[in-house]
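*Asks:* Among the features that TrEMBL reports, domain 'Sugar phosphate transporter' is placed at 16-304. Summarising the annotation, TrEMBL assigns transmembrane segment to 20-40, 83-100, 112-131, 140-157, 163-182, 194-216, 232-253, 265-282, 288-307.
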Amino acid sequence: MVYLNKFLMSNDVISIPSPLFVTWYQCFITSIICWIAGIFGDRTANQGGAYSKLTTVEVGDENSPIKPSFFAQFPRAKYDKQTAIKVFPLSLIFVGMITFNNFCLKHVEVSFYNVARSLTIVFNVIVSRILSGTTTSPKTLACLALVVAGFYIGSIGEVNFSHFGTACGVLSSLFVSLNSIFTKRILPLVDHNHWSLTFYNNINACMIVAPLVYVFEADFVLEHIRHLQSPIYWICMTFAGLFGFLIGIVTILQIKATSPLSHNFSGTAKAAVQSLLAFYLWGNEATILGVLGIFIVLGGSLLYTYVKMNESSMGQGLMARSVHDMQAMTTNRNEDQSNRV
């Protein structure tokens, strides 16, 4: 997916160097896929029998007595104006996330891309602290320090360093963090269905990005008008949008089949292979500091996930113990009262 988007924005033969236009088209493709999947999901729900429409949480549950169709997780795509207005603030964040991500990918080397966008977990902690007053453990802070150190070392070691591209990567990380936090607040408006939210977000994004393309990139698009007549260009653009949608599905299925830690571990491995392979495929010049920065960032991110999962497990254990103690105290109190009677 990263390689394909980089190709679409930087290849001299076929690409149009217009990140906003690429963003708009991929949001458009995702909207169409959600609409088509919703039609199949609605038909599946109407068939009855062994199928039933389930939420994304229930789909794939091995303990479920029924085995739903794959499309059962997709609701009928409906664009309600009032709901769209309520989702609109999140859509602005969503647009910022994917737009700055594409600008980052256009201006930095593929091998440096994961380092440029490595500060997401740092912003997660900062934003959570500001909005929710969430405290952070020393172990978590140590992991964040490791990620920041990797970002700094990787930036020093990058031969073709781009200030603009790196700044876009940092901003993309900030918007990713904001998106994850505000998604939790907006989900109840769409019955906690991620695919409904995906549909609203991408429709809104198309309307937000379209005028930006006209204002900022119309000249670039007209300059490369011959590429718009190339079937290969549109095939690559469509496949990029399709791959983005499929990655979302695979992510959900992987987390359900394994665990968030396993998902993050595989994601870290993928990022490592992606970064190292870029040195060969894209001819990026490798330096000791550049490679070291990549592994420090990925290692710090993986440790952060491990620490947070351990802290979450400990918190749940303490909560369960507290509930058990309260139940024991209530039982003892009731026994004392009965003895007095």
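From the backbone N, Cα and C atoms, a Cβ is placed for every residue, glycine too.
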*Asks:* Would you kindly list the residues that approach the transmembrane segment (163-182) from elsewhere in its chain, counting only those six or more residues past its ends and only Cβ-Cβ distances under 8 Å?
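*Replies:* Long-range Cβ neighbours of the transmembrane segment (163-182): 89-90, 93-94, 96-97, 100-101, 103-104, 106-108, 113, 116-120, 122-124, 126-128, 131, 155.
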*Asks:* Same-chain Cβ contacts of the transmembrane segment (265-282) under 8 Å, 6 or more residues past its ends?
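*Replies:* Long-range Cβ neighbours of the transmembrane segment (265-282): 2-3, 6, 109-115, 254, 291, 294-295, 298, 301-302, 305.
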*Asks:* Between the stretches 112-131, 194-216, 288-307, which wins on the count of C-beta pairs under 8 angstroms to the transmembrane segment (83-100)?
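*Replies:* It is 194-216 that shares the most Cβ pairs under 8 Å with the transmembrane segment (83-100).
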*Asks:* Tally Cβ pairs under 8 Å between the transmembrane segment (288-307) and each listed stretch (20-40, 112-131, 194-216, 232-253), then give the stretch with the top tally.
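*Replies:* Counting Cβ pairs under 8 Å, the winner is 112-131.
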*Asks:* Do the transmembrane segment (232-253) and the transmembrane segment (140-157) come together with 3 or more C-beta pairs under 8 Å, pairs six or more apart in sequence?
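*Replies:* No, the transmembrane segment (232-253) does not contact the transmembrane segment (140-157).
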*Asks:* Among the recorded stretches 20-40, 112-131, 140-157, which has the greatest number of Cβ pairs closer than 8 Å to the transmembrane segment (194-216)?
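*Replies:* Stretch with the highest Cβ contact count: 20-40.
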